[in-house]
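The feature domain 'Guanylate kinase-like' is assigned by TrEMBL to A:6-185. According to TrEMBL, the feature ATP binding site maps to A:Gly13, A:Pro14, A:Ser15, A:Gly16, A:Val17, A:Gly18, A:Lys19, A:Gly20.
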There are 2 protein chains.
Amino acid sequence: MYKKRGLLIVLSGPSGVGKGTVRKELFSQPNTNYEYSVSMTTRSPREGEVDGVDYFFKSREEFEALIEQDKLLEYAEYVGNYYGTPLDYVESTLEAGRDVFLEIEVIGAAQVRKLVPEGLFIFLAPPSLTALEKRLIGRGTETSEVIQSRVNKAREELEMMNLYDYVVENDEVQNACDRINAIVTAEHCRRERVEKRYIQML
Amino acid sequence: MYKKRGLLIVLSGPSGVGKGTVRKELFSQPNTNYEYSVSMTTRSPREGEVDGVDYFFKSREEFEALIEQDKLLEYAEYVGNYYGTPLDYVESTLEAGRDVFLEIEVIGAAQVRKLVPEGLFIFLAPPSLTALEKRLIGRGTETSEVIQSRVNKAREELEMMNLYDYVVENDEVQNACDRINAIVTAEHCRRERVEKRYIQML
């Protein structure tokens, strides 16, 4: 029996770029038609955080048991705490034909890219490219030091974005959300994916 | 001096699928931020058609002179009349950094793909894939003849869409327009394109 499988969407980017803010805004919109995969962590809940909504809060022992049982799609340790993505939820949601959205760190994204190469990987970037472009296209009144510092920053970003399919500049949260939604819509229209559906059906 | 170049967007698909209707709807929307490349033809204007808006109306001699001078991006002859895309307008608009939209027949699209492989090629498809999918996923009450006829139709479409980047089903004109706009937005975020801009700048 032919079944349509969902798309795995991964949002990542340098720390401090605003991934969490963009993700919260995406899921506060009524027309979001993909499912957020809640991450798991061993850190303590902060005030107002709800288990199962913001994170699944686990003990270190529980988390390490899941690592041993291969129950995490990706995980990493930061500042003494584990963070990871439970595999079962991702797998069952994709299998049911619904798209799954992960918002994770770049190390985790690299792990997911290896396991799910057909996923949709979006790099959230600071608006430095546009800023640089304006300076270079613009009136040319900038000092060469300012331009050089921008160029160095752009080179760093260029290296990081290498394993991603898309780069979304976080100039404004709403713009970034609009672009992410457009990317998901477009990706469902990509010939390779449509063709794959055809071929599976025929 | 670094300059940002526009994107060439090509909408094509089987005849009768509604390319013209979708294109008119796209360009009737206030937020369309790409330029329509008006085609050239040797056929007579129909009632209400305006030279330079619907088509550039040319004599056969004028059209053939443009062919000889390599002034057309693509052209084809249908039912005794020439149709084609003037090259100068496309080139100068892309050069100015604005996206250009062509709505052309599949033969012309194949010519453009060869000349501008980095263009964005969108295949407008009849909603037969979705119809077939519903039949296969659905209750299975269809007769095998009906399903077989759908499968044959899907096979034909599958062959035609081979040179395109995206497939947009024309289930409803507004949906098709929304998907095309999403594809253009997404394509501007593709890592290869953003990276190319970075590399040209740096």
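Just so it is clear, glycine is given a Cβ too, placed from its N, Cα and C backbone atoms.
Fair warning: this is a prediction, and the values are worked out from it, not measured in the lab.
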A:Ser15, A:Gly18: which of these binding-site residues has the sparsest Cβ neighbourhood within 10 Å?
A:Ser15
So around the ATP site, A:Gly13, A:Pro14, A:Ser15, A:Gly16, A:Val17, A:Gly18, A:Lys19, A:Gly20 aside, which residues have their CB within 8 A of the centroid of those CB atoms?
A:Leu124, A:Asn170
Who sits close to A:Pro14 (ATP binding site): which same-chain residues at least 6 apart have their Cβ under 8 Å from its Cβ?
A:Val106, A:Ala125, A:Pro126, A:Glu157, A:Met160
Hey, does DSSP put A:Lys19 (ATP binding site) in a helix, a strand, or just coil?
helix
Between the binding-site residues A:Gly13, A:Gly20, whose Cβ has more other Cβ atoms within 10 Å than any of the rest?
A:Gly13
Within 10 angstroms of the C-beta of A:Gly16 (ATP binding site), what count of other C-beta atoms is obtained when all protein chains are considered?
7
Sorted by position, what residues of the same chain at least six away from A:Val17 (ATP binding site) have a C-beta under 8 A from it?
A:Leu124, A:Ala125, A:Pro126, A:Asn170
For A:Pro14 (ATP binding site), which of the three DSSP-derived states applies: helix, strand, or coil?
coil
Does A:Lys19 (ATP binding site) have same-chain partners at least 6 apart in sequence with Cβ under 8 Å from its own Cβ, and which are they?
A:Leu11, A:Ser12, A:Gly13, A:Glu103, A:Leu124
